[in-house]
Amino acid sequence: MTLTERLREKISQAFYNHGLFCASYPIPIILFTGLCILACCYPLLKLPLPGTGPVEFTTPVKDYSPPPLTSDHKPGEPNEQPEWYVGAPVAYIQQIFVKSSVSPWHKNLLAVDVFRSPLSRAFQLVEEIRNHVLKDSSGTRSLEDVCLQVTDLLPGLRKLRNLLPEHGCLLLSPGNFWQNDRERFHADPDIIRTIHQHEPKTLQTSATLKDLLFGVPGKYSGVSLYTRKRLVSYTITLVFQHYHAKFLGSLRARLMLLHPSPNCSLRAESLVHVHFKEEIGIAELIPLVTTYIILFAYIYFSTRKIDMVKSKWGLALAAVVTVLSSLLMSVGLCTLFGLTPTLNGGEIFPYLVVVIGLENVLVLTKSVVSTPVDLEVKLRIAQGLSSESWSIMKNMATELGIVLIGYFTLVPAIQEFCLFAVVGLVSDFFLQMLFFTTVLSIDIRRMELADLNKRLPPEACLPPAKPVGRPTRFERQPTVRPSMPHTITLQPSSFRNLRLPKRLRVIYFLARTRLAQRLIMAGTVVWIGILVYTDPAGLRTYLAAQVTEQSPLGEGALAPLPVPSGVLPASHPDPAFSIFPPDASKLPENQTLPGEPPEPGGLAEGVHDSPAPEVTWGPEDEELWRKLSFRHWPTLFSYYNITLAKRYVSLLPVIPVTLRLNPREALEGRHPQDGRSAWPPPRPGQGGLWEAGPKGPGTAQAQRDLTLYKVAALGLASGIVLVLLLLCLYRVLCPRNYGQPGAGPGRRRRGELPCDDYGYAPPETEIVPLVLRGHLMDIECLASDGMLLVSCCLAGHVCVWDAQTGDCLTRIPHPGQRRDSGVGSGLETQETWERLSDGGKGGPEEPGDSPPLRHRPRGPPPPALFGDQPDLTCLIDTNFSARPQLPEPAQPEPRYRAGRRAQDSAGYDFSRLVQRVYQEGGMAPVHTPALRPPSPGPTFPLAPEDEAGFPPEKSCPSLAWAPSTDGSIWSLELQGSLIVVGRSSGRLEVWDAIEGTLRCSSEEVSSGITALVFLDRRIVAARLNGSLDFFSLETHTALSPLQFRGAPGRGSSPASPACSSSDRVACHLTHTVPCAHQKPITALKAAAGRLVTGSQDHTLRVFRLEDSCCLFTLQGHSGAITTVYIDQTMVLASGGQDGAICLWDVLTGSRVSHMFAHRGDVTSLTCTTSCVISSGLDDLISIWDRSTGIKLYSIQQDLGCGASLGVISDNLLVTGGQGCVSFWDLNYGDLLQTVYLGKNSEAQPARQILVLDNAAIVCNFGSELSLVYVPSVLEKLD
């Protein structure tokens, strides 16, 4: 078994177990899934509802003025401004973005020093902003003149009264945590606790207090003991009521003068106006809502044609809920992970989820409803999932592989889409496997099995067809037969055999081809390729950033490039566009600002272990406010009872501020308790929470090499994934016989439909079989070795037939019946039995109904039965209590052959009474044999000359129901010319099949023989008490092949060893297993040197045939074992009364698979190289896949014909019916031909079918056997 096959088998088994679990516990699983959906959708409260998201409009900063209150736009003219952009905004928001770091980093600094000193500078900045005054010709303006004045907070916000400003300008900064008091800040021993003490314990959906005061998302602030970059970011938020360009420009120039950012490239060119809606926009919801309505309607109208679905509305609603929940879970999880998707109808993501979810729903529905309806609900769900497991996982792996490759392209747009796709695929898979599968099991469970008439053929379950000229598919032409003898239920092609509606054809086409998902995957690959080809800078930018960040030199050690004058202007006439203020003088290199103290030399040399973190400014810093919650600004204004519904605010360009702090300031600002904290300074060798920089050129080279190794590893991983993906596509798209000549799909189309569009149906023929008559009662045991056929009826008569010609070779009557050894007498007895059996039918048989039997001329007719016997009624005595007790014999005496008088018999001698009655009646006395005691030893040789039977008695040809002390025959086996018989008395007999003589026998024991195995020279007898006896058969002369009459048939095996009448046969007891089972043994098989027993104690045991050593005890059934199969390949199959079938590995004793097969006992079981065929008391024949344990199809038999099956070859199955046999193609489940066995056999069902080696079939019709040869058309087909 290859790796792919093993993986496929593991996946199939896992899905099968999952299906059983979902169908067994539906309510808990649905509740658990509902809780998971609610938990994953809870973060959606952070997002706006569809259509309620903020709307933006951008205008240039230069020459900006608030729009008028009324729009002067004329109707019909194009207008670039939105309708809501009228009048002044509620407020103008100015953010001062601060990035601060301690540089250079001292090795003795603590983790808290990363953010304590940078946060302390926020108080200084707030003072500078409040003290800023603009003096011009129009007068003096301060912050109080232009800012938004607020009053009291809402009454319910008492906890925030000391944190948010009241009765003054709305100005927010991290200093608000300490009431803008620097002394409070320095006295605070735990800054982290102070910041997070107002955070909610649960997941907060609106803007938190930390986000409001810091102005940036929490993960970008850097205020954490676990940060890896020693960089702190926060904003000081100013809210203005009026727009004053000069005041804002002077404030920007002053801050950039005091805290310059030399490498800043932020553009201050535009204002962003953000409008907030109040109600849901119905117009934007229409496309998405329409899509889901169409999905609901399509699934409903499609499932109306599926009879196996109880509630069409419920299933359609469950599909819509599954798809919608998958979408909401995906967006909720993405929000929880930090992504902020939108649910606007214009996004493509919701529609992709709809397409993928719909296709998965159709796949699961089609797979489950295609399972056999006679199975339990949980088995149908398990088989449906198992059959589609490989396809589901294969598509899932392919999609994840494409997403993984797309993510490693490092293009931001592709990476964002890949993150969404991964979350969407996982959530959709989760809901399909748990929610929809469980709902589908509940719906199918509601379909009561009583509502489905299993006896009706499939065409009876269809709605009445419209009158058309041509008959519909699977509608058979009228025949002379009243009804079909079977009903077949195919799993893979059950719906293909019917004329499907077009809507179901579309569903099954989408489910079979998975067209939508493959198109999406192909489109994703093309889109990723186009983006990578057109924007390859994503990878280069990433690599350059990695090398720059880990460079030991940085930008400070690089020599300044000579730049011509005029290329990079140092200032701009407009202060808003100037990098440096007009009055700022250029500082010499490595010189601090005038107000900044010089760095002490003692700390500047040899005390830092990492370079200064590079403070960089990128385009993403211009709009960092976009990463805040959409409820950030509405929440802030709502605290002061100001609503933003149907109004807008204007965000001014960000003012960048860079703060570089030296280690002395960090040490001076440290709290006394920080030194005793549990956070020691990082060591140079540690790579845990901190980024340790290189210490020398060697370390720098190692870091640079490590970056290259990372890139190489990513490339290697992408290459491996791509190769595996191509290999999987090759395995999927190319068949196994790819490239082989003549390996086309034409053979599979042969016989796919039992009745095609042209009205072709499998042929029905009638032949005259060879009828084997000779039994008065029903035949109980059948055995054959290919050339000979042995049958035994309930009366105890054994007949030996020639399997080629159908002639009766020998009859072995019941031991209590007198027997004539002459041939003529045997023929007369045959004719008497024939006359008796024919007379029992109520009338003479019509000529031509059955072929005449070949026989010799018979003698004079015998007298009537019991005519020569006297009336023994007077000898009957019912007073048993008055009878004297006979003493038991002290020792058993040897048994002699029939026909010899027993000497010193211990039983009562009735001969005197019988002789007296004969004399009174005037009849001649007869010889009455006495009972034979059992023989004493395990070895039982009998010479041929001792085989004298009863004396000839032609006047009494048949005593069918004479009493016998030997017991009835319970088991029968045939090999060569020897017949082994096991009787209810526990006696084992070996008979000559040709001569009809008893060759040897064993002693009688108290337990009868329930099963026999006759293999080579070994005989194994299983007894009613659970014991096993191993016998060895020996002859005094060499065994010679038996010369059979007639040419050997096709496929016949070499003749089994036989012995002539002159050989002495001895049967030795070699081994005995006294307690093989606790209860009676019901099944016994042997092959490949192994003996397998099955018992009513629910277990199987595997013995070694040569020494009777028990190898394994197999437990897996919950009922008694009824049938066992084993072949030369060590494959063992067992069936029990629990209706289950187990496949075992005889080499290891492990159970390979367990299948719930029938509603009742499993009556027969056989295997081919690829299939397992079982039958049960429910008159159902099931065909299973041998490797996966999946049910392929089932055949409903006539009442009483459930066990009548046989395998002619690996591709041909024969089943019995009411007077007929049917031939099936095992590969496709197609009915090839039905053969009726004449008029006489129509009234009785075929109870048993035995396939001979010469392509002949023996059918058991009660007291008669029919020998049928396989039709020639099937021989050519096979």
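The backbone N, Cα and C atoms fix where each Cβ goes, glycine too.
Model, not experiment: these values are computed from the prediction.
Other Cβ atoms within 10 Å of the Cβ of N263 (N-linked glycosylation site) number 12 in total over all chains. What Swiss-Prot records for N263 (among others) is N-linked glycosylation site, and it gives sequence analysis as the kind of evidence.
The N-linked glycosylation site annotation in Swiss-Prot covers N590 (among others) and rests on sequence analysis.
The N-linked glycosylation site annotation in Swiss-Prot covers N641 (among others) and rests on sequence analysis. According to DSSP, N641 (N-linked glycosylation site) is assigned to coil rather than to any helix or strand. Just so you know, the Cβ of N641 (N-linked glycosylation site) picks up 11 other Cβ atoms within 10 Å once every protein chain is counted.
Marked as phosphoserine by Swiss-Prot: S821 (among others).
Residues or ranges marked as phosphoserine by Swiss-Prot: S837 (among others).
Positions annotated as phosphoserine by Swiss-Prot, on the basis of similarity to another entry: S850 (among others).
Sequence annotations record features per position, and here Swiss-Prot assigns phosphoserine to S905 (among others).
Sequence annotations record features per position, and here Swiss-Prot assigns phosphoserine to S935 (among others) based on similarity to another entry.
According to Swiss-Prot, the omega-N-methylarginine annotation covers R1050.
If you look up Swiss-Prot, you'll see 46-284 marked as region 'Loop-1'.
Marked as region 'Interaction with SREBF2' by Swiss-Prot: 731-1278.
For the repeat 'WD 1' (771-811), residue counts in helix, strand and coil come to 0 helix, 24 strand, 17 coil, using DSSP. The annotation repeat 'WD 1' is assigned in Swiss-Prot to 771-811 on the grounds of sequence analysis.
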Express the distance between the Cα positions of N641 (N-linked glycosylation site) and N263 (N-linked glycosylation site) as a whole number of Å.
41
Across the region 'Interaction with SREBF2' (731-1278), what does the mean pLDDT come to, as a whole number?
69
